[in-house]
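Visitor: TrEMBL feature annotations, pasted as is:
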BINDING   Ser211, Lys231, Thr286, Ser344, Arg345, Lys351, Gly380, Leu381, Glu419  NADP(+) binding site
DOMAIN    2-31  domain '4Fe-4S ferredoxin-type'
DOMAIN    33-61  domain '4Fe-4S ferredoxin-type'
DOMAIN    149-271  domain 'FAD-binding FR-type'
Amino acid sequence: MKQHLIDPEVCIRCNTCEETCPIDAITHDSNNYVVDAAICNHCMACVPPCPTGAIDNWLSVLAGSPHTLEEQLNWEVLPPPQEESGAQLEADGSVSAAAAARAAAAGAAAAAGILSEDSGLDGVPSTGAGSSVPPWSAAQPQVNLYTHKNPVTATVVGNYRVTDEDTESDIRHIVLDFGAAPFPVLEGQSIAIFPPGTDSSGRAFHARQYSIASPRDGERPRYNNLSLTVKRVMTDSAGNVVPGVCSNYLCDLKKNDTVQVIGPFGSTFLMPNHPEANLIMICTGTGSAPMRAMTERCRRQLKEKAFNGRLMLFFGARTQRELPYFGPLMNLPADFIDINLALSREPSQPKRYVQDLIRERAVDVARLLDNENTCVFICGLKGMEEGVLHALDAAIGLAGQEWPEVHAKLKAQGRLHVETY
Ligand code: NAP
């Protein structure tokens, strides 16, 4: 039988597969992400969203003895196939095991009604709330140019704080230069960085993923560099003091330090590439990184008279002083970008979340969404996803349309992209 497995050498532990799996067949510990053979039905929902392709492994194993979760959690590399004939097929290239499994899975899924029940208009497998295909006009991304086996070295050329000094939120704008190493990226893509050192079991730390905050032609135009937006993490999700390994490493980097990078990753959360495209960007905190990249791309295109669309931004932060890039953002002309700031802890102001502002601007949001040139990008805290989708639902309802239909259409057309953590 073919067992669905995740390649621990390639996986960047971004949690996308676990979030996407509709039947909770994927789990993880501090070492690995793993697939439970007893639950996985090969529905393939997790395969397209995986930024690295680590998920797309189908190993020949003896029927009745798949690799257990305990085995998988301890792997450093995938084991060899158990079944000679299956291994031979893969080695020959005469039949791709993954392709065969995919075809079988697609057939099984279609037979079980999985695709038709939870797919977009064109039978595109669902990946949760967002599209699993890029906007039709998106440029072709490069992915996985550098992997765990051949990371590239980048040099830090800048590390600036983009929140006020006296606030709790230490958010950094970090610029990395790749020198002569080719590192082509698109807005919306991400990279991953290896923090130095080992965990408590003596294993090298895994790479951590960050969205790129600069446009495709570089933080500085025509330089081979890019930027990241990184928040220094000092507590775990329960509020205990546990400094984040990679965020603290990155926030403390000095000019001329070097870092080990893999990527780029991501082939769906990409901006449309035609001049009439409109963007509705909804983000919280450091989820603003891809929005900054897209906005700056549009601004540069506008200067070249190659952009004619509309930008609408909903940006949530605790206070104005903790909102990354507040100064530069407010310098952008109002006729270029429609900025809506949702501040949740600004003294003397009522608590506002991005979804509150979407409701307030419902008429404009619905009108823009009605235009087939409009794409929506949502990035930031996991918690905001539901509220934002409800607010979009309400806006569409006010315009006399049905959200389930509009939502399915947006997903199928690659016009709704969600990246939340
Ligand atoms: P944060 O400061 O904790 O929160 C930003 C704002 O979101 C605050 O105003 C917060 O309000 C509000 N918020 C909290 N719960 C919300 C909800 N349910 N709906 C709407 N708004 C809500 O943000 P952060 O620490 O920067 O975190 C941003 C997230 O983006 C992280 O999870 C990060 O992993 C993710 N991300 C980062 C990158 C990157 O490249 N750095 C890329 C993609 C995603 P209150 O706290 O006052 O309630």
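Here the Cβ of each residue, glycine as well, is placed from N, Cα and C on the backbone.
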Visitor: Can you name the far-off residues of the same chain, 6+ from the ends of the domain '4Fe-4S ferredoxin-type' (2-31), with a Cβ under 8 Å from a Cβ of it?
Guide: 37, 39-43, 45-46, 49-55, 57-61, 66-67, 69, 72-78, 86, 97, 100-101, 104, 114, 118, 126-128, 144, 147-149, 192, 199, 201, 203, 206-209, 262, 265, 421
Visitor: Sort Glu419 (NADP(+) binding site) into helix, strand or coil using the DSSP assignment.
Guide: strand
Visitor: Provide the number of Cβ atoms within 10 Å of the Cβ of Gly380 (NADP(+) binding site), excluding the reference atom itself.
Guide: 26
Visitor: Same chain only, sequence gap of 6 or more: which residues have a CB within under 8 Å of the CB of Thr286 (NADP(+) binding site)?
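Guide: Listed in sequence order, they are Ile171, Ser211, Thr229, Val230, Lys231, Pro324, Gly380.
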Visitor: Ranking the binding-site residues Ser211, Arg345, Glu419 by other Cβ atoms within 10 Å, which is at the bottom?
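Guide: Relative to the other binding-site residues in Ser211, Arg345, Glu419, Arg345 has the fewest Cβ atoms within 10 Å.
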Visitor: Please work out the mean pLDDT for the residues of the domain '4Fe-4S ferredoxin-type' (2-31).
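Guide: Mean pLDDT for the domain '4Fe-4S ferredoxin-type' (2-31): 92.
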Visitor: For the domain 'FAD-binding FR-type' (149-271), jot down how many residues DSSP puts in helix, in strand and in coil.
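Guide: Helix, strand and coil residues of the domain 'FAD-binding FR-type' (149-271) number 7 helix, 46 strand, 70 coil.
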